[in-house]
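K.L.:
Feature table excerpt (TrEMBL):
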type: TRANSMEM; residues: 92-111; note: transmembrane segment
type: BINDING; residues: His146, Glu148; note: Fe cation binding site
type: DOMAIN; residues: 229-294; note: domain 'TauD/TfdA-like'
Amino acid sequence: MIKEYIVSSTERHSIWELAKEIFTHTSDHSDKTIFSNSLIVEAQLELKIREELYRLSRTGEYDAIIFRQLVDNSLIDIETPNKVRIRRNIDYIFEIIPLLLMSATGFPIAYEVQHNGRIINDVLPVEEFKNIDNSTAGVAKRFNLHTEDAYHNFPPDFIGLFCIRNNEKAATLVSILSDNIFTDKDYSSLFEKLFINQANAGSAQNYNYEVKRAILFGQKSKPNIRLNTARLPQIDNKQISSLLSSFVDILNENSQRVVLQSGDMIIMNNLRCVHGRDAFETDFSVEKRWLLRVLSRRDIAECLVEPFNVNVLL
Ligand SMILES: [Fe+2]
């Protein structure tokens, strides 16, 4: 289920003060320094917010949570950049807020093959890429449902999207692996290691790791998922291939539209949800849609064998 949490004005104030303290008391603004500080003061986040993040990340009571009005949008007066930033610095106080919340779900991570390994990724439309499908820079076409970085050896456990602005009211699509998916058909083939997940065009071009994996894994009664429906794994067996497409149809039918507004944040369990985005229209101005994406993993020990691929701030 998706939990919706309306942040109170006291909580909003307290989170902002915490972020401001980290920002003003760090000598440099590299993501590494800011992260160390975030991890230490994350325990000072308001108790109710920490409780909700615990329910998301530890007990699994929620599959996703939306925090409404986490930040007073009058404090966000920065223009949307033309293109994604790749310098590994934290530029603004409000960027620390999604980092703080994600620190309560696990360790923030980034991929060296994306945005130069920057830990806070800009998600924004870019005019020259507007017709590219399944791209964060595209707008004219839908971004199909996927688990984040399904192709990667170490995909994130959680993905957070913090909305700086979304005047276009573009909808984020979220579909949860509900239990009733398994009532009408036998999906056991999807639990077999038969599938190769591909990265989307334009994303992670240098990462070419073709391991066959299962699409569904873990407990059969409440499985986890790893799948990119934008580039479905090719499978020769017609029966399994049609089973996969009927599974994707159900995910699409179950998907919910979430419109994030300035100051909102959604955090999804990347093992239980697939997400995407509707096509939308924008004028590509300095007021264009701008989200910040932060990823986290509960366990980073295994990422350290591939430090050249995963940016783990320690
Ligand atoms: Fe995504």
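Cβ atoms here come from the backbone N, Cα and C positions, even for glycine.
Curation plays no part in TrEMBL annotations; they are all automatic predictions.
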K.L.:
What same-chain residues, at least 6 away in sequence, bring their CB to under 8 Å of the CB of His146 (Fe cation binding site)?
P.N.:
Asn134, Leu227, Asn228, Thr229, Ala230, Val274, His275, Gly276
K.L.:
Within 10 angstroms of the C-beta of Glu148 (Fe cation binding site), what count of other C-beta atoms is obtained when all protein chains are considered?
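P.N.:
Within a 10 Å radius of the Cβ of Glu148 (Fe cation binding site) lie 19 other Cβ atoms.
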K.L.:
Using DSSP, break the domain 'TauD/TfdA-like' (229-294) down into helix, strand and coil residues and give each count.
P.N.:
19 helix, 19 strand, 28 coil
